[in-house]
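Read the structure below first, then the notes.
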């Protein structure tokens, strides 16, 4: 019998990381943790190291590494604790690693995700921002290295499952008319427009269907999450923005669909649980038990669909425009959104200001070509600076 596959989980203490480790624990004969990384929840990271006994753990700073190393050593755990961004890249690209779960939220996850790609790993991509920011640069690295890139977002995973194996030959060539990207509409789908300016971070984070981290919950509430996913879908499946249509589906049972020229629409359905796409990507092309309960169609009862309202969700419009513009526009969109969401979560701005900040950044900053990681990160820094200037002028 072959040895278990070794996985580095980047962002192990987040919701995606924890779901990944749940699947690992269900299949100890197939998978083992090689490296676990965490940013701020270091007590949780310690508990995960005690349970999974990885070869490495990675934390942001040296002081935290020394403290965690001491705690683990006292418990008889031989995990070696590293720190810093270079260590993240090292555990993502180590020769011993078979697959990498890229689940660090936001731009911070780009260097380590790209390191895994350049090392030719099986990359389970949960960090959509990495692909949104670097686009062609990222996909060229995938082709050059021979990495296997498998999407973890439930929507892109559903699209991947609904497309023919030869979709890389071109969507039109394999008979695809369009991709239907589903969205729940979030917690404010029916909130009166005049009330959106006064909603709280707690309300924005109360997603009706999914259990997610705070940043992605706010992105779902604004539908920026869907805008980022539209950009991601274009890169993953070599689609034009006009070939991707966003459909609001409040039940989150259909995770996305593919519309074919013969009139067929193929969809992937399931309970809203991230262990389904995670286990699919880990085992692909096989399927394994994920721990997710079977879908009860009788309990679902009905499936509803709506067009998104751009007045209610201006972030979706801004993301679509950035997708059409290309170049550094998606990286700047993402950076401005990260700054704005952080300010909203800290109660410095209103929910409705998120789109205002993003639009201000996109209007002020010139779009440039991005042909290197340095250029991507430079665009990210410029956008964050302009967003910060807006906060200085307007935030309470």
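Backbone N, Cα and C define each Cβ position, glycine as well.
The NADPH binding site annotation in Swiss-Prot covers 13, 14, 15, 16, 127, 129, 213. DSSP classifies residue 129 (NADPH binding site) as helix under the three-state reduction. All chains included, 27 other C-beta atoms sit within 10 angstroms of the C-beta of residue 129 (NADPH binding site).
The 1-deoxy-D-xylulose 5-phosphate binding site annotation in Swiss-Prot covers 128, 154, 155, 184, 207, 220, 225, 226, 229, and the record cites sequence analysis as its basis. Annotation note: residue 225 (1-deoxy-D-xylulose 5-phosphate binding site) sits in a helical segment as assigned by DSSP. Around the Cβ of residue 225 (1-deoxy-D-xylulose 5-phosphate binding site), the same chain contributes 183, 216, 219, each under 8 angstroms and 6 or more positions distant in sequence.
Reduced to three states, the DSSP call for residue 153 (Mn(2+) binding site) is coil. Within 10 Å of the C-beta of residue 153 (Mn(2+) binding site) we count 26 further C-beta atoms, all protein chains included. Look at Swiss-Prot and you will find 153, 155, 229 tagged as Mn(2+) binding site, backed by sequence analysis.
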Same chain, 6+ residues apart, C-beta under 8 Å of the C-beta of residue 155 (1-deoxy-D-xylulose 5-phosphate binding site), given in sequence order: 181, 182, 229, 233, 255, 256
DSSP-derived class (H/G/I helix, E/B strand, else coil) of residue 14 (NADPH binding site): coil
Hey, what's the Cβ neighbour count for residue 229 (1-deoxy-D-xylulose 5-phosphate binding site) at 10 Å? 28
Going by DSSP, give the three-state secondary structure for residue 213 (NADPH binding site). coil
